[in-house]
Amino acid sequence: MNKINNHLSYKMEGDKSTDNSDDYYKNVKLVGFVKTDSETLSGYKNDGFQWSSADNLSSYPSSYDRENDIISSSKVLGGDTTVPVYPDSVNRCCTRKVLYKRLPILQWLPKYTVGEHGISDLVAGVTVGLTVIPQAIAFANVAGLPPQIGLYSSFMACFVYTIFGSCKDPALGPTAIMAIMTRENIHDMGPEFAILLCFITGIVQLIMGFAQLGFLIDFISGPVSAGFTSAAAIVIATSQLKDLLGINIKANSFIGFWDQLAMHIREISVGDGTLGITCMIVLLLLRKMKDIQIGPLDAKDKTTGQRMVSSIIWLISTARNIIVVVFCAALGYMYKEHGNLPFKLSSHVESGLPSFRPPPFESRVGNETYNFVEMASKLGSGILVVPLLSILENISLAKFFSDGKTVDATQEMLALGACNLISSFVGSMPISGALSRGAVNNASGVKTTFGGVYTGIIVIIALQFFTPYLVYIPKAALAAVIIAAVVFMVELQVVKPMWRTKKIDLIPAFATFLCSLLIRLEVGIVVGIAINVIILLYTLARPSIHVEKQKSEFGYEYLVITPDRSLVFPSVEYVRAVVSKAGLKQGLSSIPVVMDCRHIQGADFTAAKGVKSLIDDFVRRSQPLVFYNVKPSVISIFQGVRPTEFNCCVTEQQLHERLKGYYYSRMQTLTL
């Protein structure tokens, strides 16, 4: 180091001390050296110590590894540039903290125990597995796909999310929202289009995750989400009525379905209708059964028998779907064996596991062959809307069961993207976390994401050994399962709170609901977001401005005008008009006007031009205008357009002195 004749500066992160022996200085992280002849190098903030060639670096704090932290002289003499000790850009991506954040399994797996975690995860995983099987078959029907597609969508994501998922409760697989969005975007083109949509959904979600575009979800407000979910629930329930009632209807819209139903009302099957409605009533009763209270409210005060009965009731209520489906399948088997079938059964389900292969980038529908570009074009807006809704659904679920903990939206996007991407290789349609299965997972006491492994194994066993028996499940029973699930997605309960808090929120909510119901689901959510943005821009362009006349201790009057937010180009003309009008009417074109800028955190060029015009208005009528509590950054913006005069006061004392000066000058003018 003695060969260096120039000064060496080091850049450091953390707290600094001018005393090398100070312990306070040991928390500083050495980042790099700069070779320079001057105090500061151009373009480089040199806020550390300066060493000359005579300086002794051996007294550098012993807490540093000198070989790693202090560069050699040969590295310094290579040129007049900053020589980083640590390649920060690489370090940030390769630290243990980032690795644990992007692979959450590394955090909990070393601490995993059978007693504390394993049993709970096993119970939750098996329970969710028994729940997802009937749902998967039914959701495939909602999407207009073969029933095995629903099962193919239900196991691979469970394994992938175990590794990448940051929340323990989401049970990934087909959902009602994803099913109806798939149906609306593949346009009855077949499973290949649904699988490709799943692949594209995964790619888009991964891109959003890497680019940290999670903020886009914030543009889907609560009212828009409620309107969309409610409309989707009604559309899904409506699409299942044909199977519930045993009639053949083909309609592509909500209104079209009811029109067709009125025309085919006489064709309702008594057997299907009776079975479907009975199943729906039983499912709703079983759902309510878990609320039955056995013994004291406090679990600690219950006897062993009471706890056991409560657990059995909860298990029956939770597994209601599989209980109803298995019972109806047995009923269907008996009727089919005797050759007297009063209701329709499900279509054939291909047995065995799907082969692991890339999603189809080419498809033949009828006599026409579609390449990848044509298939993606056919999917239309779905390649953006479906990924967004999938993320929204999963993050909402994660937040719902987070118990106040922060949800890493970026990691959830990456995990969900990986799940969709890899699931597309086994013939899956787009997937997300389902609220119903998440509730089952949470209530079952799941401890980690490893519960998904057991769920995936249950689905694989069903695919391998039980698919021949799935053909006996009545369509009416599956329709009842779906309707009983989605009927609780209609969020009527949010209307009253919206009315009490902010009535204008009802506009995007009802607009989203009606457009989703009467046109298309993705149109509804786009309309809702657009209305929200318009309301947001209107609020931005029309800030609240408080005008108050005050009197000082010396007896002179002045007008205080306080805008409630920053000045930006949509609002500046409105603010200018209000301030000017207040100065004329309430200020009588003579008394001083004080513009209190305490809430103005920023401004832009258009705002500065507007303020210049406002100052010119007051100068022309010789009415004092004073700016008070202005941030230094805002002052520099206002002064950048060179206004005629810019009167600014920082303290209250300065303000009163300035106002007193105005009144003194005015009194002198009147005296003369």
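Every residue, even glycine, has its Cβ placed from backbone N, Cα and C.
Keep in mind that TrEMBL annotations are predicted by a computer and have not been checked by a curator.
Listed ranges 147-165, 223-241, 413-431; the one TrEMBL annotates as transmembrane segment is 413-431. Within the same chain, the transmembrane segment (268-286) stays apart from the transmembrane segment (507-540): fewer than three Cβ pairs sit under 8 Å, each pair at least 6 residues apart. Contacts between the transmembrane segment (476-495) and the transmembrane segment (312-335): present, as 3 or more C-beta pairs lie under 8 angstroms, all at sequence separation of six or more.
Between the transmembrane segment (413-431) and the transmembrane segment (507-540) there are fewer than 3 Cβ pairs closer than 8 Å, counting only pairs 6 or more residues apart in sequence, which means the two stretches are not in contact. Taking the domain 'SLC26A/SulP transporter' (120-511) as a whole, pLDDT averages 89 in the prediction.
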